[in-house]
Amino acid sequence: MSTNGTLSKPEFPANAASKEYAASLDAADPLAGFREKFIIPSKANIASTKLAKPGLSSEPCIYFCGNSLGIQPKATQKYLEAQLDTWSSIGVCGHFTKIEDSPLKEWQNLAEQAAESMSKIVGAAPDEVAAMGTLTMNLHLLLASFYKPTATKRKILMDWKAFPSDHYAIESHVAWHHLDPQETMVLIGPDEGTYEIPTEKILSYIDTHADEAALILLPGIQYYTGQLFDIPKITEYAHSRGLIVGWDLAHAYANVQLKLHDWDVDFAAWCTYKYGNAGPGAMAGLFVHEKHGQVDYSEGEDAPKFRHRLTGWYGGDKSVRFKMDNKFKPIPGAGGYQISNPSAIDLACLCAALSVFDETSMAELRKKSVLMTAYLEYLLLKDTTDESRQFQIVTPSDPAARGAQLSLLLKPGLLHKVAHRLQEAGIICDKREPGVVRVAPVPLYNTFTEIWMFVQQLKAALEE
């Protein structure tokens, strides 16, 4: 079983390489209307060095960088203005007063509004999700709770090319416990000359290190290659060998279907500014499975028993939050991991972005995404051979083993020239040293015609 089950790879007719065919896919797209819910940066604006209002020109850019930062939903301004008006008009009363004509709950309950919407995206119960902090900060909090090394079980299994912030976080927790990172951090990578890490290799690492490993922490989707890991299979197997299992879902959140509760994942964390469109540095989210979030009062109301974590007043139950008696009683579930009063301004941006997802489902978005990425792959490979191409797609070809992103490894010396040429053509995508262009058509706002146009520009840039 794969993360998304068995996915059939879309097949395309003989005329699929034409612009007319791309336009026909757009015309038949049931989600096409969602594009109107976003502000697409214009070609003129992305070339400007001064602040400009949206729509400086009528010609939008082609924005394939949602795997780095999503574009702004039109709802964001409305939600922010509502929050600012609440603050300016009633001040501190905004914590408890529900404004009838605002799309937002009172500040005291606003994080729960966001968590409820996020829970549908990650496949969890609302009380298993908390809207809080940022990704690395949340990983620190979760590691403090779940990484409990012993004299015999202290290793952490992780991705060989983890995003640097994840690596730093794990390394710091290892050092915090006075352990040697070189001996404690076990890096799982692909075989020499390849980029995909087979599931069986991960399982073999679990077998090899199970007696000494305390935890495995992997990315749901590897940020560099775009590989989607088999979350349920890896989680189940690691549990069978006695490991705690955590996932960094930075590139999986709002990109692929997730069922964190059903898959019995112990903990997970994600950012919301990529496919989630909540804005640069937006408030993040975390998941704690219900089995770890329970609060036991069997020994009395003043002696709650719960999983150890770093605590703060906002993780305290609302019934005691303002009593100021220094008797911590955590909110059951992920909410009990909250530390401080969250920014109502940040939550407004997050709730605005989530309001778009509330109008559809991850199943529908994933269905379109699989077709878009397959079409991109088809056009990139058409009329080429391994020998003639000046790039290699290092993302798995199996739709069940990838999300929206394709990572193109260019031949040496081409990256900066190609990236410059694409930007001149009004195309925004992500480059990663030493030679990868990451292309991510996002089903909420990108089109099949844009995919066709991108491929024409890329091939022209490679031929220069």
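Glycine too: its Cβ is placed from the backbone N, Cα and C atoms.
Of the residues Tyr195, Tyr273, Tyr375, Swiss-Prot puts just one in the pyridoxal 5'-phosphate site with Leu135, Thr136, Phe163, Pro164, Ser165, Asp166, Asp248, His251, Trp313, Asn341: Tyr273.
Those residues noted as binding pyridoxal 5'-phosphate (Leu135, Thr136, Phe163, Pro164, Ser165, Asp166, Asp248, His251, Tyr273, Trp313, Asn341) have their most widely separated CA atoms at a distance of 31 Å. Cα to Cα, Asp248 (pyridoxal 5'-phosphate binding site) and Lys274 (N6-(pyridoxal phosphate)lysine) are separated by 13 Å.
When the alpha carbons of Ser165 (pyridoxal 5'-phosphate binding site) and Lys274 (N6-(pyridoxal phosphate)lysine) are compared, the span between them is 16 angstrom.
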